[in-house]
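Asker: Structure incoming, see below.
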């Protein structure tokens, strides 16, 4: 076919264009491949030593397994199982010599079991088992008996064992501890409170006209207009008294913020309940010898009367938890949550816990509350026992309630007042929730579901970090690590107040104990006599000033049981300036100050003399020849202003010291007791006797008794409840030359970033830990029961 010249020219031009286009395509493809290669190389550089997690949208891993308690294989620190409690109870009831009545049939004038709980073995026996291969100590129980049938009535305690099949019981009596235990010192139980309720109902019926006209609330046949009565303690103002003031409040949500100013004194002295009676009453700031006197004077018009307005409704009630005020945020939005991309990184086997080099056991004492035992870091024991001893709240005021309120919470069943925790609020939804069992004031043991939680927490702050500037617009390196911690938490709700109790394990060997205060304050009815003690708030109530105070036991075992205690004092030094001899120079230096006796070691905090409190082992040194130690840091030291010589302070003698250090004795297991609340004037346990012998503490098994606290003047923002923010008390146990370096350097969760001068890129080292995650967190099912029922036979 003939081809014209114009067509040939166009064909040649097209061919030339196609070749050029091909070259551009090849060049583009090469450039793209180079970019991909560079991107891959950059990713490799950025992620040296780590890799991006490739979860493929699967469910997040479960991690380590949390094994429940195996009742057939308890450890030396384990609480009693239901079966063990039943075994101990049945044994005690079978002992004819004790003349015990079954709880369900018993009256105050009988002898009956009040409580059964673990009695820990002697420390020497436990350490022999744990460290030296000796037989495991026999498991024992302590049984508390209300012996109203004895002459005179007393409280008795017995040690019973072995708990699986008891064969013996012995009276529990310790040297230095008051014995026998007076009957009036006992904690009121449901049997006593039932009788008292009848007495209060009788008073209410007599005073019905007064109560209805004054408050439009009463006690008997009250439907939705009910008063409720709460008691206070100590139960009198002298040793031997058993006279309790009961305070009336409107039975609304937040009852302790709704007082009405009506109180009744009930006498429950002795075991003969026919002699129990209501005595004096207090109305609107006026004291009467009996309810009949009040009614008579009221009707005659000689009483200064009061009329309290009715609450509007539950939705606007200031003491309720109903949402009110402008919504925040405007549209309800879910708050941030945490999840565990690799599952749980801690192990729980019964009551034994392991986490990042830490290991310990825990229990929940029916009397005192949480105890941590055999605490080790990297296999070395640091603390044998870390436990709550007592929580106090000492109030001020004019009316009988506030005059009588000197709370010691062991006397209010503090140990068994740890109820079910709410997932996602009380603890993260990812936490492990654990049950406990108590036997107290009931036919059968009670099971407290989800009373303790354990979880790992990203605290949102670096544990350690540093940015090293090159001072020329760049940097040399960055190093850091998030402060991921393990938290063991339980919350003691002792009637109105809630104490969030945390034991926090940091990866650098620091152990933190934190108590966060929340819950309702104890208010009273406002009169001018109450005005000096606080601020009038919430219609007719006043929030009285009070002192929160907490005592902890820390049995230090730094490198063994033989420890020494010293303060490292910061002292002023005035020296001749070595550079300019004609000048002087003032600075501070650290001066070691060994303590040799218990009285010498007592701490009364003084800001003019700052110091460290160091427990160390003279026979153990680190690689640099420094004695291995752990120091106690008290972040909430407090001063009790009431003198120790006054009345009930003897029952809380530990409150006079920010810290005391004593030789450990089996006869001094606790700084307080179940009985100090109801007779603090002549207490069963007087802590000062621990110090009276002023023993040598050099190379001995030492215990630190640490006190923390805060003074509280309630304010309007404490409604409905006190918030935890700003109300946290903390204690730290910190390594002091115990390790050769920060033990968290062993963690693979650290980050090291260096600057590559050749590529001008950051070289990120994550030490093998994947970063990021696209796994699916387990959906947390919300379930809450809130009850603590008796177990079945």
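Any Cβ shown, glycine's included, is placed from N, Cα and C.
Predicted, not measured: the structure shown is a model, and the values here were computed from it.
Sharing the feature lines straight out of TrEMBL:
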- 409: active site, proton acceptor (ACT_SITE)
- 497: active site, schiff-base intermediate with substrate (ACT_SITE)
- 83-167: domain 'Copper amine oxidase N2-terminal' (DOMAIN)
- 255-306: domain 'DUF1965' (DOMAIN)
- 337-745: domain 'Copper amine oxidase catalytic' (DOMAIN)
- 497: 2',4',5'-topaquinone (MOD_RES)
- 21-46: transmembrane segment (TRANSMEM)
Asker: Near the Cβ of residue 497 (active site, schiff-base intermediate with substrate), how many other Cβ atoms are there if near means within 10 Å?
Answerer: 22
Asker: Round to a whole number and give the Cα-to-Cα distance in Å for the pair residue 409 (active site, proton acceptor) and residue 497 (active site, schiff-base intermediate with substrate).
Answerer: 10
Asker: If you draw a 10 Å sphere on the Cβ of residue 409 (active site, proton acceptor), how many other Cβ atoms land inside?
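Answerer: Its Cβ shell of radius 10 Å holds 24 other Cβ atoms.
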Asker: Can you tell me how the residues of the domain 'DUF1965' (255-306) break down into helix, strand and coil by DSSP?
Answerer: 16 helix, 19 strand, 17 coil
Asker: Using DSSP and three states only, what is the residue listed as 'active site, schiff-base intermediate with substrate'?
Answerer: strand
Asker: Counting by DSSP, what is the helix, strand and coil composition of the domain 'Copper amine oxidase N2-terminal' (83-167)?
Answerer: 27 helix, 25 strand, 33 coil
Asker: Averaged across the domain 'Copper amine oxidase N2-terminal' (83-167), what pLDDT does the model get? Just tell me the whole number, please.
Answerer: 98
